[in-house]
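What TrEMBL records for 9-29, 41-62, 83-106, 112-132, 153-171, 183-209 is transmembrane segment.
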Amino acid sequence: MREAEIRRLLVANLLCAVSIVLAAVVPAFFLDGFSVLGTHLTWLCVCSVSVATLNVILHLVLKPSQSPKRSSFAHKISRFLKCCIYFFMSCILFYAIIVLYGAPLIESVTETFLFAVLLSTFTTLQCLCLLGPNIQAWIRVFSKNGAMSIWESSLQITSVCSILGAWFGAFPIPLDWDRPWQVWPISCSLGATFGYMAGLIIAPLWIHWNRKQLTYKSR
């Protein structure tokens, strides 16, 4: 396994982590009263857009899954439209799952949907950038020993950490602490964000530590 590829992964992940920090700091210079807790819905939108934009740019620049075959312009348009549909379907699916886990069905629809968009950005968008709208490839990557590159291993780790972070973030909500960050869905979205950032840092370190044991084979 080439060390240069691991370094590229580390740089890309660190840039994604920095984008989240900037999404919490930079808007305060342009929007009056902006804060992660006080204007949480605005922060959800800013964070989702910044992470999504950077992921797409990094994919276009680094090309971790570049195909040797050149595709036509019509194929690229079709692929892009499929990715948009898959992302929207992912938001709906996450919304349904969140509601099934106890989120308000009618009240706080905007909050729940934006939280679903954030989760989709941390998980589905990465799959779309790396694997495209290929459900079979998604199933392969998230199956046991299914990763075929360090980028796919990183995708596994960051996606799992994001979902686990969101799940753990729900624990403080029913507690009678009367804290402002217990309002739905602040603790869950912060948990997902911290989980995603932890995955971004853990992934390259874990891959570097286990680089001698990791043998990727094409399938």
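Placement of Cβ uses the backbone N, Cα and C atoms for every residue, glycine included.
Just so you know, TrEMBL annotations are computer predictions that nobody has curated.
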Requested in this report: Mind pulling out the one from 9-29, 41-62, 83-106, 112-132 with the most Cβ pairs under 8 angstroms to the transmembrane segment (153-171)?
Outcome: 112-132
Query raised in the report: So what's near the transmembrane segment (112-132) in sequence-distant terms, Cβ-Cβ under 8 Å and 6+ beyond its ends?
Result: 41, 44-45, 47-48, 51-52, 55-56, 58-59, 64-65, 79, 82-83, 86-87, 90-92, 94-95, 98-99, 103-104, 138, 141, 151-152, 155, 158-159, 162-163, 166, 184-185, 188-189, 192-193, 196
